[in-house]
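Colleague: Per TrEMBL, active site, nucleophile is recorded for Asp18. Feature annotation from TrEMBL assigns Mg(2+) binding site to Asp18, Asp20, Asp185.
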Amino acid sequence: MSLAGLFNQRWPGVALFDLDGTLVDSAPDLAAAVDCTLEQLGRKPAGLEQVREWVGHGSPVLMRRALAGKADWEPASAADDALFDDALTLFYNNYRQLNGKHAVVYPGVKACLESLSKRGCPMAVVTNKPEQFVSPLLKQLELDHHFKLVVGGDSLDTRKPDPGPLLHAMKALNGSRGTTVMVGDSAADVSAAQAAGIPCVAVTYGYNFGRSIQALGADAVVDSLSELL
Ligand SMILES: O=C(O)COP(=O)(O)O
Ligand SMILES: [Mg+2]
């Protein structure tokens, strides 16, 4: 399907946006919070380049990866679970202080959201970031007024790549599969949209676990959200 097919004939439809790596480059804050946590635990910092590749499945998975030092962490022992609980508590405390410190809105995002808002398109953020961190970040970056709904990684029983959060947001905004589009930066977004049966636009500038987004089968791939206009 072409971008024109997705975004012109069907407007105003419902637009669902991923947050980290799509609307906002938040990896510097996440990396700072991860590294602060690792140092508190007497471990070596992971660094921004590494942490960026670990973002996208939510903070608990991010911390599991940080403790394991790799993306595909193994199922843990009871001792590992205790360390993980500790690490996640420290991480949340650190990220609460750092959230929004270095984060920036990607080029093209504001123009896209403003144009969609003017057209009366209902929009939601559907992210795996824990809900408590989402609204403060959107507010600080002056994006919050565009969104009728925020679905965080812990808002429901499931998170992306499960289709549940997307379907929940679509229904809450009175959308249908024929009129809803998901916009994201990672395999979690594309898989969730495919499982939900709604089209997906993927951005090339995001995180996607350090891999190219091109081969995932998104309906459209763009270098900037301004291409949607
Ligand atoms: O893993 C995260 O915390 C960020 O997730 P998002 O890309 O779904 O916004
Ligand atoms: Mg993302």
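For all residues, glycine too, the Cβ spot is worked out from N, Cα and C.
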Colleague: Using the Cβ centroid of Asp18, Asp20, Asp185 as the reference point for the Mg(2+) site, which residues of the same chain not in that list have Cβ within 8 Å?
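Modeller: Residues close to the Mg(2+) site, other than Asp18, Asp20, Asp185: Leu19, Gly21, Thr22, Leu23, Gly56, Thr127, Gly184, Ser186, Asp189, Val203, Gly206, Tyr207.
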Colleague: Where among the recorded positions Asp18, Asp185 do you find the Cβ with the fewest other Cβ atoms within 10 Å?
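Modeller: Minimum Cβ neighbour count within 10 Å, taken over the recorded positions Asp18, Asp185, occurs at Asp185.
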Colleague: Around Asp20 (Mg(2+) binding site), how many other C-beta atoms are within 10 angstroms of its C-beta?
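Modeller: By my count, 27.
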